[in-house]
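Peer 1: Supplied in structure tokens, the structure appears directly below.
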């Protein structure tokens, strides 16, 4: 949804079914909650606020996952169930804690959310926040009487033990201030500073792989965050190097998107697959082009990436992404390495047309100098010139 209230009003006036779900079980309220547009219009239209999608998630859980604080407040104020968990037993609070959305966590606990609800792994919101290094969330939960003594299934560790054995100094200090004098660490656990291949099974970093949601893994999250040391540790599990999340995003894609050069290099050295497509039909190469990360683009290409792969399948090439986002140097590199200059997307648009639409003069210059067809017409019969004029680039 794009937040077009007038359009929603029109559809509702025409008796559109407010709770009709798509193939994923998503209703209009769920879609609006994800994007931050679930204003009172939907709620006043008798939308079922606690309906669950095919994964058991409610609109509230979805809003918590996507950091939509205003929508969380709106939904709770209209009676959304605070403890209604999804099929993986994630309550809205645990979801927000895992994602690190501290403002939402603060609001939920203020409204009475159960801080000690547990996942099948035994983890609470506090344990989840420690595993995922969410310091602000840990502080909020401790301030709101989260039970420090509860242990998860992994080695029967408490939040303090997890933070200590993982080497999270700030977390350890913060939690230690709250424990009683009788607390002691498990005596049978290895020293985290002296671990070896023989104790991989008890390595806390690797244990995060057991705490996944929607297909996500600790490795992909570490790559997204650029945590090189964690990535090195997790790569001991080589089978997971190409494991994608629910959107089809691999660790390499996540590192490429966020410009983590060292992490990308490590993944490539470990032979991460470079031509995998995500749900949006993007490769790691096209993602690097989209965000203008030249060094990453170069390294991925040198590792054997197919320069026009997405175009081969759906017509959207890395060159289109570079043109759309104004990355002239990226476009020059792609063309120097034999990218197809006039390949078209599903609407018949070339990279020149995309650059013209967005007013990226530098990219237009590069494309024209390289011989792009200036009068190519898309499915609408518009040329690059017409498109530029339509978008005010005169």
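Here the Cβ of each residue, glycine as well, is placed from N, Cα and C on the backbone.
Just so you know, TrEMBL annotations are computer predictions that nobody has curated.
In case it's useful when we look at the structure, here is the feature table from TrEMBL:
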REPEAT    55-87  repeat 'ANK'
REPEAT    88-120  repeat 'ANK'
REPEAT    121-153  repeat 'ANK'
REPEAT    214-246  repeat 'ANK'
REPEAT    247-279  repeat 'ANK'
REPEAT    314-346  repeat 'ANK'
REPEAT    347-379  repeat 'ANK'
Peer 1: Over the span of the repeat 'ANK' (121-153), how high is the average pLDDT in this prediction?
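Peer 2: When the pLDDT values over the repeat 'ANK' (121-153) are averaged, the result is 93.
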Peer 1: Under DSSP, the repeat 'ANK' (347-379) has how many residues in helix, strand and coil?
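Peer 2: Breakdown, helix to coil: 17 helix, 0 strand, 16 coil.
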